[in-house]
Each structure stands twice: as structure tokens, then as C-alpha cells.
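What Swiss-Prot records for this protein:
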- His62, His91: heme b binding site (BINDING)
- 1-145: domain 'Globin' (DOMAIN)
Amino acid sequence: MLTAEEKAAVTAFWGKVHVDEVGGEALGRLLVVYPWTQRFFESFGDLSTADAVMNNPKVKAHGKKVLDSFSDGMKHLDDLKGTFAALSELHCDKLHVDPENFKLLGNVLVVVLARNFGKEFTPVLQADFQKVVAGVANALAHRYH
């Protein structure tokens, strides 16, 4: 998956990420850009407009929760399937989330990182993060196989 150099780069960079801000923005953008994903969050209240979604405190809180889990994965890059086994089971068996949504969220996260970090989020770092989000999406989809 990742070389030792790539792991060091993504881990060092991840230390600069404010998961509360980035998580809320990433989940919010997912819900706006891919509105069919909103059906999993009907209990979050008003998701009727982009502004409503992006300013929704429940979206922000859940986005932080999602990125807290992602942060845990960043500490276990060699065992993503093990790290995300319980979440894979939850999303498959109880929530019935389409595993394609994990890929979408990963790609949205990369967009948000690029937006927030600008030139610091180099093309090489983006390539490394694409590997990470693909690995996390695969781990979350593992229960579906």
C-alpha cells in the first residue's frame, strides 16, 4: 500500500489537520455534492440547502467523529482492515450504507485537505493520501465481501 516514506509523509501532515473543522466540512460537502447520502442522516434536521448542511451542528459533530476514526486509522496504516472491522460491520449490517459512499467521502476529504492547505498539499502528498483513503474505503467495505 504505502512505502515507509509515504507513511511518514501522510502521518506528519495529518498532525496539522484540525479534525473538528475538516471533518465537518468533508461530511457537509459529501451531503451537498452527493445529496442521496443525506438519507443516512435524516435525524440531523434541516439539510435542505447547502448553507443548512454546512452550518448544521450535527453534521459538524458527526464529521469530527468520522475523522477521529480516520485518525485512528492513520495510526494503524498497516492494519486498516483490523482497525475498521467494527465500523465495517456497523455500516454493513446495521446501517446498510452503500460501500461506494466510503470512496466518495475519501475523495471529498482529499478535496477539503487541498482547499485548506493549498500549496502545502502537494501533488505527491495528494497521491499518498489517495492511497490512504482508498485503503480506508476498502477496509470499511470489507464486511460487504
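Including glycine, each Cβ sits where the backbone N, Cα and C put it.
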In the chain carrying His62 (heme b binding site), residues 6 or more apart in sequence that have Cβ under 8 angstroms from it: Gly23, Leu27, Phe41, Phe44
Within the domain 'Globin' (1-145), residues counted as helix, strand or coil by DSSP: 115 helix, 0 strand, 30 coil
